[in-house]
Amino acid sequence: MENYRKARTVELPCPPPFTGLPPDTPEVKVKDGSKIRNLMGFAIGRMESEAARHILFSGTSKAVAKTISCVEILKRRVKGLHQLTRLLYRHIEEQWEPLVPEAGLDTLTVKRNVPAIWVLLSKDPLDTAEPGYQAPGCFDTLWAQAVKEEAGQQGQRRKRQGGGGGGRGKGGKSSTPSRGGRKEALERPQSRDAPQE
């Protein structure tokens, strides 16, 4: 591929995997270069109004993580949102053109499947039997569980390392040189030609 350059990337249309959505449902398409502040300004403005009942987020490839961040920020700002998540692959076509057209190389079309995420947030209750459903307020319990597990792991590390001692070796003396020793080493710069001790 060193003789080619990417001319353009075309994402083939992919309808949302959620059925029965109103046609005026706002959709936030998150791109890799999108600024979260701009995306959230739009999403929060829509969901804080009484008219909007749903919002749809989608992201592809490198934008998947940013899409999840946007969803979590919105759920913290607008309480009581139900969530449905779908993971799938989107089809992308890349057009590659030769760097030197006179070389007789053809234009290439590369078809790829890249991971994508779709997240539906709703003020109205959703079907709890659907795969990927998350009830409002679940993140609080998840955070509490993560903090509890982390605290338990830290306690186990302390027990394994043993208490007290402050990292001293045998004989109770510190293994690091004294301050005077460091100062002497700093005050005696050695030239490159001096023999090493």
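Just so you know, the numbers here start at 1 and follow the chain as drawn.
Yeah, the Cβs are placed from backbone N, Cα and C, and that goes for glycine too.
The feature compositional bias 'Basic and acidic residues' is assigned by TrEMBL to 181-197.
Under the heading domain 'DNA/RNA-binding protein Alba-like', TrEMBL lists 27-87.
Under the heading region 'Disordered', TrEMBL lists 149-197.
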Confidence summary for the domain 'DNA/RNA-binding protein Alba-like' (27-87), mean pLDDT rounded: 92
Helix, strand and coil residues within the domain 'DNA/RNA-binding protein Alba-like' (27-87) as assigned by DSSP: 30 helix, 17 strand, 14 coil
